[in-house]
Amino acid sequence: MPRTTVVESPGCPPLRALTTDILGLVKVVEARAKPAGAAKIVETWGAPDASRGIVAASLADRAADPVLAVARKNGVVELLNPLNGNALAAVKTMAPATNDGGAEDDPLVALHLFTRQASDSMLGTFIACTDKGKASMRSITKENAASGLDAGPSTTWDVCSGGNVQFCSVDHGESYAMFGGKGIEVNLWDIASCSKTWSAKSPRANSLGIWTRPWFTAGTFLCKDDHRKIVACTNNHQVRLYDTALQRRPAISVDFRESPIKAVAADPNGHDVYIGTGTGDLASFDMRTGKLLGCYIGKCSGSIRSIVRHPELPLVASCGLDSYLRIWDTNTRQLLSAVFLKQHLTSVVIDSHFSVEEPEEAKYKQLESLVEAEAEVRNEKKKKMSKTIEEDEAEAEVRKEKKKKKNKSIEEAEAEVRKEKKKKKSKTVEEEEEQVKVLNDHSDSDGETDFRKEKKKKKSRAIEGDEERDIDGEMSTPKRRKSGERSKCLKKKSKKQHIA
């Protein structure tokens with residue numbers, strides 16, 4: 001059974017950390033309670049695959065557009081979004097490792113992602129180094145991020161001619177890089193020109209004349225403003241301080257217990273460092289004097305492989321082969337929280353821009369957002385109502401115009417009908433008047449003629465009566481009767497003619 005020590009954890013302040021393991025998983029651990037609370041795993045990115053295990057990780061801790069870079073066992077460097085885990089780019093830098101130990105057995109061992117951005121179109125720039133000392137620097141733009149697998153690195157150089165590189169560290173200004181490993185002395189390189197500027201020299205032999213072969217396992221730059229002071233840790237449980245401006249041999253060398261030192265991190269104050277050993281010991285040193293400041297309470301049960309210091313809060317996080325992520329208080333050196341993550345962990349990074357809002361503030365903001373959304377919906381409804389009202393008014397106006405046109409057309413038609421009727425009536429009246437006139441004229445002429453005819457008849461009758469009287473009685477009474485009948489008939493005919 002592994003050695004464990006149970007220590008009460010008071011909880012840690014709001015924190016967000018990302019861990020990587022040997023199965024290629026990225027796990028997100030967060031602590032959200034204020035002022036202190038237990039850290040919990042909230043997300044896991046990726047699928048477990050031993051062939052794609054993560055050997056190194058680096059975070060470009062920016063307030064805008066942060067990027068997480070991970071170096072996998074198969075020689076691929078992936079760029080991820082540390083907020084949601086989305087893959088941004090994948091670049092194949094070197095040939096994958098093989099099991100036969102041939103020439104291609106050169107896996108990635110170190111990775112650093114630059115924080116600064118050359119331009120807005122740049123996705124990220126990183127330095128990767130393999131076990132045999134082949135370093136490469138590459139910049140990936142957002143346009144060719146999808147085709148990064150087919151393109152080669154932009155700059156390559158050999159860090160060493162022999163030995164095995166085990167770590168790589170870049171200064172705060174990101175102008176110099178430090179390399180070291182098994183059989184390789186610590187050396188300093190200028191990134192811009194890819195040239196070596198300084199190389200360490202092995203310490204003198206001991207009293208017995210035994211010279212130890214160099215074997216560096218971890219290193220870091222001590223100060224943010226001065227890249228000349230570096231701290232390197234060895235497999236022989238030594239912590240060394242080098243001043244590249246003065247000499248090649250270490251200025252201070254301190255032994256710490258009996259196990260190899262596997263991880264180191266610098267404090268923002270510029271003179272303290274935190275180291276982790278292969279047996280799970282975590283301690284801090286003041287490198288101005290080489291004094292041990294103290295060991296941290298709550299011993300780990302496995303080798304510590306990664307240590308990171310929070311840039312603002314007095315916190316330090318460590319992880320290793322015991323599958324625990326532990327968060328410590330740098331002031332009291334007490335364990336604040338421990339999270340079990342199942343797999344052997346290889347590295348840990350901290351998101352310094354993570355913040356947790358108060359619930360009331362969040363609720364207030366949510367209410368504000370809801371009120372704004374409701375106001376927008378109401379405005380949209382009002383706009384729609386106004387549009388419908390305008391459309392209705394336009395339709396009413398169109399209807400009124402149509403009615404007016406119809407009324408005008410009806411009135412015009414009626415007026416035309418009336419005019420035609422009047423014309424017809426006037427024509428009929430004129431025709432009737434003309435007929436009456438014609439009838440009157442005709443009746444007048446007929447009366448005159450009848451009167452004349454009657455006069456003529458009377459004259460003829462008078463003449464005939466005289467003739468008859470002159471005859472001496474020749475005519476008898478029957479003749480008179482006949483003449484009387486004839487006169488009656490003539491009178492009837494004259495009356496009928498007059499009536500006609």
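Each residue, glycine too, has its Cβ placed from N, Cα and C.
Predicted automatically and left uncurated, TrEMBL annotations should be read as such.
Features reported for this protein in TrEMBL:
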COMPBIAS  408-419  compositional bias 'Basic and acidic residues'
COMPBIAS  435-453  compositional bias 'Basic and acidic residues'
COMPBIAS  478-500  compositional bias 'Basic residues'
REGION    378-500  region 'Disordered'
REPEAT    297-338  repeat 'WD'
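For the compositional bias 'Basic and acidic residues' (408-419), the DSSP-based tally of helix, strand and coil residues reads 12 helix, 0 strand, 0 coil. Secondary structure of the repeat 'WD' (297-338) per DSSP (helix as H, G, I; strand as E, B; remaining residues coil): 0 helix, 22 strand, 20 coil.
Along the repeat 'WD' (297-338), the predicted structure has mean pLDDT 91.
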